[in-house]
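K.L.:
The structure that follows is given in the form of structure tokens.
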Amino acid sequence: SRAGSPGSRGGGSTTPDYGEKRLPQALIIGVKKGGTRALLEAIRAHPDVRAVGTEPHFFDRNYEKGLEWYRNVMPKTLDGQITMEKTPSYFVTNEAPRRIHSMAKDTKLIVVVRNPVTRAISDYTQTLSKKPEIPTFEVLAFKNRTLGLIDASWSAIRIGIYALHLENWLQYFPLSQILFVSGERLITDPAGEMAKVQDFLGLKRIVTEKHFYFNKTKGFPCLKKPEDSSAPRCLGKSKGRTHPKIDPDVIHRLRKFYKPFNVMFYQMTGQDFQWEQEEIDK
């Protein structure tokens with residue numbers, strides 16, 4: 001890229017000067033702490049996908065800036081390439097489905113879901129790393145610990161009530177336009193989940209087994225470019241944090257709380273994520 005030419009950010013930029021900025025045709029809309037960053041990094045290894053690295057938060061926080069602002073945030077693409085972005089908070093934002101639908105009603109939506117109990121603990125762990133002074137998970141999870149009343153208004157718990165949020169999306173988008181990716185399988189079988197993602201996006205299956213290797217220290221797969229012998233890219237320090245120990249009774253109550261919502265979610269999506277099975281296996 002030549003410094004000073006349109007679209008370049010100085011000589012070192014890898015942004016091509018050709019192509020044009022387009023509104024995204026596909027969005028990763030959720031969920032927080034589900035595995036959205038891993039999915040984004042994996043799909044970006046596909047030559048027909050260009051994606052924004054940072055989360056634009058257009059449909060929840062920046063909507064008043066308008067579609068032109070949003071388009072400008074996007075990378076340049078050539079004909080036949082797909083433009084994508086991810087902002088996991090869209091899934092739980094009430095206005096997001098209507099706003100995305102009014103941009104383009106054929107937008108493809110991808111939701112990475114994960115066992116809501118582990119997701120909630122992961123969410124709490126992330127907050128704790130930034131604000132060490134917050135109360136314990138047990139304190140925040142209950143309205144009334146003695147009665148065992150779960151506080152469903154706490155965002156760490158609320159996000160995991162997937163059926164509730166999905167209802168909102170299904171008012172605007174058919175199920176056929178939404179792909180649900182298992183956060184668990186993204187770790188145990190990344191190539192298998194990525195095959196589904198590429199099929200859903202209408203792409204050739206280029207991101208395959210040879211793009212991944214398992215990092216024993218982190219406990220999840222890392223990405224490598226197959227033709228490239230350089231060191232594989234692993235997700236940063238903020239991923240794969242050790243979760244604090246949570247009182248088993250609290251976990252048991254949370255599982256009971258989520259179970260009916262999980263079952264409803266399986267029925268709505270026609271997919272069994274086997275989160276209850278996991279609990280039995282433990």
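Cβ coordinates come from backbone N, Cα and C, glycine included.
Residues annotated as region 'Disordered' in TrEMBL: 1-20. Here TrEMBL flags 24-259 as domain 'Sulfotransferase'. Marked as active site, for sulfotransferase activity by TrEMBL: Lys33. Under the heading 3'-phosphoadenylyl sulfate binding site, TrEMBL lists Lys33, Gly34, Gly35, Thr36, Arg37, Arg114, Ser122, Lys239, Gly240, Arg241, Thr242, His243. Feature annotation from TrEMBL assigns disulfide bond to Cys222-Cys234.
Neighbours and distances for these, please.
P.N.:
The Cβ neighbour count for Ser122 (3'-phosphoadenylyl sulfate binding site), using a 10 Å radius over every protein chain in view, is 21.
With a 10 A radius on its CB, Cys234 (disulfide bond) counts 19 other CB atoms from all the protein chains.
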K.L.:
How many neighbouring Cβ atoms, not counting its own, are there within 10 Å of the Cβ of Gly35 (3'-phosphoadenylyl sulfate binding site)?
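P.N.:
Other Cβ atoms found within 10 Å: 28.
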K.L.:
For Gly35 (3'-phosphoadenylyl sulfate binding site) and Cys222 (disulfide bond), determine the Cα separation and express it in whole Å.
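P.N.:
Spelling it out, the Cα of Gly35 (3'-phosphoadenylyl sulfate binding site) and the Cα of Cys222 (disulfide bond) are 13 Å apart.
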K.L.:
Which Cβ among the recorded positions (Lys33, Arg37) has the fewest C-beta neighbours inside 10 Å?
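P.N.:
Fewest other Cβ atoms within 10 Å, among the recorded positions Lys33, Arg37, is found for Arg37.
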K.L.:
Tell me the Cβ neighbour count for Thr242 (3'-phosphoadenylyl sulfate binding site), meaning other Cβ atoms within 10 Å of its Cβ, over all protein chains shown.
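P.N.:
Counting Cβ neighbours of Thr242 (3'-phosphoadenylyl sulfate binding site) within 10 Å gives 7.
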K.L.:
To the nearest Å, how far is the Cα of Lys33 (active site, for sulfotransferase activity) from the Cα of Cys222 (disulfide bond)?
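P.N.:
Pair distance, Cα basis, whole Å: 17 Å.
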